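A.B. asks: Grabbed the feature section from TrEMBL, which reads as follows:
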DOMAIN    7-238  domain 'ABC transporter'
DOMAIN    458-685  domain 'ABC transmembrane type-2'
TRANSMEM  300-320  transmembrane segment
TRANSMEM  491-515  transmembrane segment
TRANSMEM  535-560  transmembrane segment
TRANSMEM  572-595  transmembrane segment
TRANSMEM  601-622  transmembrane segment
TRANSMEM  661-682  transmembrane segment
């Protein structure tokens, strides 16, 4: 009678790329209810072989049967609860407590909480586990490996795969573990595949396989191998086999291919004897709990996710768009210097008989009209002196009045038709801007223009002349949207708010998924039957809750604290900002799927930030971008949605207007595209 076999591998071939062949026609047979020791050096293909056994990877060619079915096929139960897997790395969520790790793996394997507690008590004594409430990240390496081992044993799988389980354990505990493995294989018919670099330790296995260079050199019981090579050391037997392989000598068949494929297939147990024990609901609940614990037990993540958006919005409204204060302005007044003496300086006298005006040092009136809260006035005797002092006082510019400014201005007002060129020049206020900062220069120019125009209109009124005669022949009506003196912040803040939510969501989602993948938790969950779709959906849900909080706080700061006006639908504003956050989240997921290290993820997320900001019209209107870049800009997830939000807030546009609904369409298409690309990439990997 042929003994039932738990794992059957025939002619297995696996390559990474075109030249890197990991498995080279490997054959392996693991009888049911035994301990199978898989021995081999690092890089020989053990981990790749085990990943195909548990269904995480597929062979390029060859056959593999596990517990009566092909891994990864429908109703095979593999990946799933039928397998217990302890990888070589710890592969635990660092923010879990010891009992939390057991609850996570127990729930995704379909155990109820009572059973989890019951099994934890047993395994705690066996493995000498730390106290239940200690966090994984506070445990030593050996303690973490014991917790990882316990998580693999928790649900009593039919097939238990242990990759270096006894590394870092003291000899007494190691012996207890081996005794326990022998017990469960004898009493519960559980099959154990164990890899170890302690070759002599493998003598306790029922059967061992010696693996090298993608091939199984020998597969037999330890005693048979020792007898065949007439040695007392498994290490010596392995050495002889390795030398025979290096010398290209024929290696005698030791336990390999002794059984026909027909008998193996016929003897495989049918799938009717077992039942799936893990529901999608339980797995998703366990994943959601994991995601939230990872978030709340990481103070830096909480600070970054919830405090940083608030801080950024507050800093934006306080730092951007406000009028500069305390600018230095150099004044050269050849008429009355600093106007600090003489009570009639700046005085205007109107003669009702002659209908004429006379001025006394009228330059002082213009100087007093300059806003003292904006400009700090510095007086100089000559223009050259003012220029020399620019580096010291950091002047924004100079304002110069000629010596006969008052007399020339009188003539300009009363005799403007026949006025001589000399008086035209001397009646002008000469302004020279020095600031290399364009914003400061434009602001200074506008402030002086407005203040001098106001003073000039006041002078005209005192001279009984209508101010309209001195204005340019242009009349500006009230703006249809906004005001004639629209601030820069009103242009920037709609797109800035969207970009803040987008970038933060990208950073958070990319870091969380890459952490799961690099820690091994992702692959370990896949072995237990969790699908990539379930992982992605639960991350979407948990991140969505964070995004809702971020959007809520950002909108409250804008509309309640800074009293930003919303002329359109607040519902449309909420939905658009929420969709933009989701889009950023999906972009972060895609980055974490495409790259395998935190460094590359950080480069990708931060590197994509600047093109988005520069091209989406936040800093400067897209009309100023060259045409070949403008079309690219229009398809970015922030450009048109930013204009849509600006239209809702400032124009009162509704969702049925093209300026608004096109923004919704673009961000929705981005989200759908990113989801599909993520799913495709996850399936191909």
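Glycine residues also receive a Cβ, built from the backbone N, Cα and C atoms like all the rest.
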A.B. asks: Need one number: mean pLDDT over the domain 'ABC transporter' (7-238).
C.D. replies: 85
A.B. asks: Tell me, please, if the transmembrane segment (661-682) and the transmembrane segment (300-320) are in contact, taking contact as 3+ Cβ pairs under 8 Å between residues separated by 6 or more positions?
C.D. replies: no
A.B. asks: Six or more residues beyond either end and a Cβ under 8 Å away: which residues meet both conditions relative to the transmembrane segment (300-320)?
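C.D. replies: Hits for the transmembrane segment (300-320): 294, 488-489, 492-493, 496-497, 500-501, 504, 507-508, 546, 549-550, 553-554, 557-558, 561-562.
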